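Undergrad: Following this message is one structure expressed as structure tokens.
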Amino acid sequence: WIMGHMVNAIAQIDEFVNLGANSIETDVSFDSSANPEYTYHGVPCDCGRTCTKWKHFNEFLKGLRKATTPGDSKYHEKLVLVVFDLKTGSLYDNQASDAGKKLAKSLLQNYWNNGNNGGRAYIVLSIPNLAHYKLIAGFKEALTSEGHPELMDKVGYDFSGNDDIGDVANAYKKAGVTGHVWQSDGITNCLLRGLDRVRKAVANRDSSNGYINKVYYWTVDKRQSTRDALDAGVDGTMTNYPDVIADVLNESAYKAKFRIASYDDNPWETFKN
């Protein structure tokens, strides 16, 4: 999965997919009542990027729906996964469940079109704080009470705080999550970070009793760091330059071993050689 980083304006969806992304990451900010408000990152952000592009969240979802609904004039067949980077740092811990409920209702209405031929992409809810694990239950509860529990089949999870792998496993246990787990690891492209924790996450993914289904590394902008991440066995790389990742995947060393994921590749299934 080539994951376009910080896609917060509707026009950027086309831009990143046309560069080779089959997945995008979008920032979601919340207001003081835990309503998802804007697709917005703010400063500071990655080096070489504009940090301040934004859209009202529900409007962005409508644009995203068009980009992932077959038959729509804006449809991109290869855009198959969306990671919502949930900026829950502005919320109190006891608002996490409410944030999940409100997020689910926004998605149900504006992205899934109330279950009637909405967008088809798989969705990852990426949560920065382990203490906010109740967001997951709130999300599920809202979809169930609105009569669409089947949409949970399209939803996965990520705790993005680079916490100890054991602590992350524990948070999922408390959240009642078994499966659909992506594990991120990374740091802004302005700084360097080793691959030690990525290797631990990959080892957990490949063990018989691990909780992780997929591992992605961020933010990967250079050819060499792409090669290093692929050599470590990641399933996805988040990048500001999807064309760089696509180029490396075309190199003979990687062509035989990796391919770009399509809609038929289940993002919740651990890949077995």
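Glycine residues also receive a Cβ, built from the backbone N, Cα and C atoms like all the rest.
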Undergrad: Have a look through Asp72, Asp85, Asp93 and flag the one Swiss-Prot assigns to the Mg(2+) site that Glu25, Asp27 belong to.
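TA: Site partner of Glu25, Asp27 for Mg(2+), according to Swiss-Prot: Asp85.
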Undergrad: Quick one: Swiss-Prot says Cys45 makes a disulfide with which of Cys51, Cys190?
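TA: Disulfide mapping in Swiss-Prot sends Cys45 to Cys51.
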Undergrad: If you run the three-state DSSP split on Asp85 (Mg(2+) binding site), which class comes out?
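TA: Looking at the DSSP assignment, Asp85 (Mg(2+) binding site) belongs to a strand.
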Undergrad: Report, as a single number, how many Cβ atoms besides its own are within 10 Å of the Cβ of Asn250 (N-linked glycosylation site).
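TA: Taking every protein chain into account, the count is 10.
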Undergrad: From the Cα of Cys45 (disulfide bond) across to the Cα of Glu25 (Mg(2+) binding site), what is the distance in angstrom?
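TA: Taking the Cα atoms only, Glu25 (Mg(2+) binding site) lies 14 Å from Cys45 (disulfide bond).
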Undergrad: Please identify, among the recorded positions His5, Asp27, His41, Asp85, the one with the smallest Cα-Cα distance to Asn250 (N-linked glycosylation site).
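TA: Looking at Cα distances from Asn250 (N-linked glycosylation site), the smallest one goes to His5.
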Undergrad: So if I measure Cβ to Cβ from Cys51 (disulfide bond) and keep only same-chain residues at least 6 apart in sequence, which ones fall under 8 Å?
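TA: Counting only residues 6 or more apart in sequence, the Cβ neighbours of Cys51 (disulfide bond) under 8 Å are Met6, His41, Gly42, Val43, Pro44, Cys45.
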Undergrad: Same chain, not part of Glu25, Asp27, Asp85: whose C-beta falls within 8 angstroms of the C-beta centre of the Mg(2+) site? Give them in sequence order.
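TA: The answer, listed by sequence position, is His5, Met6, Val7, Asn8, Thr26, Val28, His41, Val83, Phe84, Leu86, Lys87, Ser126.
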